[in-house]
Amino acid sequence: MDFLEEPIPGVGTYDDFNTIDWVREKSRDRDRHREITNKSKESTWALIHSVSDAFSGWLLMLLIGLLSGSLAGLIDISAHWMTDLKEGICTGGFWFNHEHCCWNSDHVTFEERDKCPEWNSWSQLIISTDEGAFAYIVNYFMYVLWALLFAFLAVSLVKVFAPYACGSGIPEIKTILSGFIIRGYLGKWTLVIKTITLVLAVSSGLSLGKEGPLVHVACCCGNILCHCFNKYRKNEAKRREVLSAAAAAGVSVAFGAPIGGVLFSLEEVSYYFPLKTLWRSFFAALVAAFTLRSINPFGNSRLVLFYVEFHTPWHLFELVPFILLGIFGGLWGALFIRTNIAWCRKRKTTQLGKYPVIEVLVVTAITAILAFPNEYTRMSTSELISELFNDCGLLDSSKLCDYENRFNTSKGGELPDRPAGVGVYSAMWQLALTLILKIVITIFTFGMKIPSGLFIPSMAVGAIAGRLLGVGMEQLAYYHQEWTIFNSWCSQGADCITPGLYAMVGAAACLGGVTRMTVSLVVIMFELTGGLEYIVPLMAAAMTSKWVADALGREGIYDAHIRLNGYPFLEAKEEFAHKTLAMDVMKPRRNDPLLTVLTQDSMTVEDVETIISETTYSGFPVVVSRESQRLVGFVLRRDLIISIENARKKQDGVVSTSIIYFTEHSPPLPPYTPPTLKLRNILDLSPFTVTDLTPMEIVVDIFRKLGLRQCLVTHNGRLLGIITKKDVLKHIAQMANQDPDSILFN
Amino acid sequence: IIYAAKNFEDVRCKYICPPYKENSGHIYNKNIFQKECDCLHVVEPMPVQGPDVEAYCLLCECKYKERSSVTIKVTIIISLSILGLLLQYMVYLTLVEPTPKRRLFGHSQLIQSDDDIGDHQPFANEHHVLARSRSRANVLSKVEYAQQRWKLQVQEQRKSVFDRHVVLS
């Protein structure tokens, strides 16, 4: 009996935790497109359908940009408010944070620019005074209490509603974009929980950032919106193009850097990035940035809290300290990756992993208790970075800008180098302590069971180091103007050294050391500053830090986490340099039983079902006959199960002794045999094959470039074995002397 | 001239003036629009006279700021309501109905649907079959069914993340 030509629902979809077949998805999309184009000549309705199909991609990008921008605005405003909730509350409207509460106040004085009567700290509310030791203790206690409350809420929400919402999300998104399926990872519950718990986690004062989780949030938006469009819902490869664009939109709203976002998506997150995706990602990133700008979370239409506005020039001799900062960034990056992976491995394997809620509470308590006394750790990390990036003007009142103004005239806005006052020295000590605290505590914070990013903590570490070095250089230049270096480049009374620039370069260096970003990092930083003056220092620091960090450890933090979790991610950047052949890697090995194959027209339904239940392979080659072992095609396990179930239910006469055939026409059979079952439409007639003497370098290249799941190995035209992606990964791990059993999943 | 009261409170012109001669440092604020944000309109009462005015004004730093207090208020209230709803649902789930009712699933065949938003599909159980389409017309029982299925999925997710540490270590 001939099989119905309509596709059965379920055929062509994938199991959870499996890899997609890129070739099949791409060819299905091309078929669909061809069909629409051919039909469009028939009627106006079909023409409209084809035009709308072409535009659906752009409409989807617009929607993703709008949704990501709005969510980012929500996260920014809420996090900003909740962070200040630890310190007090605004009586002129509880929804204002400290800055906005005193925004309209007329009682702000020149000396005390932060205080206003509308903003009441907790000690003022509880014991009606702000002075004295008891008030300090009350404030301390409330700070720790709020921090613990926020952290507890965050981890409970994650545990109860969406366990996939924890962590940064970027390693998993990298794996998903390379073709892996993790169902639920980009779902609506994950989106809601990640947004809310991100706000709570950031507000609790922990040393984590929100940029990585924002990428996850944007990809969730992308995935959810894909379901409105048939073209993207049914095709996993097209969906991953959309996710790449969504990731770009995520970074764009995090840093206010659309171009940087696209480059980040290209460099760090995506696996295949066709040119069409480049243009569409840029569109999505722009729309997202524009939406965020109109929500205006920080006032003055800025997208990021730490936007830099100075344009003072830098001098050639300053390249030496910049390269020093690059070396520091590289060293710190390598150290952080090694210690963080060791700690995460401990969390995975020992008892520590059994108490996630207690772990979060303990780390929060330690962070809050150690953070409160030092004003630079008490403020949120974004504010700290903003203050460190700031170039001191004459009227800045922060401790870091407490210079002695020993000059007669002030021309324009240019301030010469000045000797440091008392405030600067005490700020230096406090910043040094902040540096140590942040370096240590971030190792334990990244990877906990709450949403946590590490862009902001790395930038903070780098900014502190940079600012310390910058102030040091500035004082050196002031007190030793007679040295030749300073003499030739710095004129007397000119603004020679800008410590804010050193902070920026330090931040870029540390971020580059940890993530090993190159181009995207420099572009993000230069979009943050709004000018091209500082490209050379940024590039110098980023390259130095990448070289130093690469010398100490091969992988960036995200690749290290991918390897820790055993995701089947085939690294696209590394060369495979060993001389093994395909027959060294293929299965079955020498002593294993023969390859499990199906024949093209001689197996019954019962035989196939036995094979399916006895083995766990995800697919079977189909051969002409067992004697000849000549290859016909490849069929997937999931498709077989679905088709046989469907046939048993819907087709009459199909029983266990029915013959299954994959050929075009039914094989000749004696009379009175039960009706046959044709399964040709689930057979892949063009499986990729290599010969057994093909070098593994070529095989690995084929897997990377085409995105294969499996590849068949032939010898003299006969089927010999099979190589799957998992085998390739295990082989690479073995060759690199890593543990090949650490590759999990299928 | 009467300006629209729309965001009168939301625009502010701020002048920070340093100590000058005998005057101490002072901050001058006024809620006026950008067109009128200059020294003469904002710095009132002017502490110096005559020719000193220009010198004083040049020393001062001007900042014009705008915000939307309505956006802030609406956003905070939205976030707090979502948080409140989630907390209530969490309390309900943990205290009132902790375990999902497996009886709804017969012999617990795990379900797969074509249109899944991605919240479905627990961890690799390879004997997936098509959904047995339960044609229940009752909306309430459909909701209950969806909720129980969701709870099972979250339980599977929790097992892979928290217990077996397979994903997201």
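Positions of Cβ are set from backbone N, Cα and C atoms, glycine also.
Per TrEMBL, these features apply:
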type	residues	note
TRANSMEM	A:55-75	transmembrane segment
TRANSMEM	A:133-155	transmembrane segment
TRANSMEM	A:189-208	transmembrane segment
TRANSMEM	A:242-266	transmembrane segment
TRANSMEM	A:316-337	transmembrane segment
TRANSMEM	A:357-374	transmembrane segment
TRANSMEM	A:427-447	transmembrane segment
TRANSMEM	A:454-473	transmembrane segment
TRANSMEM	A:501-526	transmembrane segment
DOMAIN	A:586-650	domain 'CBS'
DOMAIN	A:682-742	domain 'CBS'
Out of A:133-155, A:189-208, A:242-266, A:501-526, which stretch touches the transmembrane segment (A:357-374) the most, going by CB pairs under 8 Å? A:133-155
Beyond a gap of at least 6 residues from its ends, the CB atoms lying under 8 Å from the transmembrane segment (A:427-447) belong to 167-168, 206-208, 332, 336, 339-340, 343-344, 347, 363, 366-367, 370-371, 374-377, 381, 384, 399-400, 402, 454, 457-458, 460-461, 464-465, 467-468, 471, 561
Residues of the same chain, at least six outside the transmembrane segment (A:55-75), with any C-beta under 8 angstroms of its C-beta? 195, 198-199, 210, 214, 217-218, 221-222, 225-226, 228-229, 231-232, 242, 245-246, 249-250, 253-254, 280, 283-292, 295, 297
Can you tell me which recorded stretch out of A:133-155, A:189-208, A:316-337, A:454-473, A:501-526 has the most Cβ pairs within less than 8 Å of the transmembrane segment (A:242-266)? A:501-526
Residues of the domain 'CBS' (A:682-742) by DSSP state, where helix covers H, G and I: 26 helix, 18 strand, 17 coil
Residues of the domain 'CBS' (A:586-650) by DSSP state, where helix covers H, G and I: 24 helix, 16 strand, 25 coil
Mean predicted confidence [pLDDT] for the domain 'CBS' (A:586-650): 89
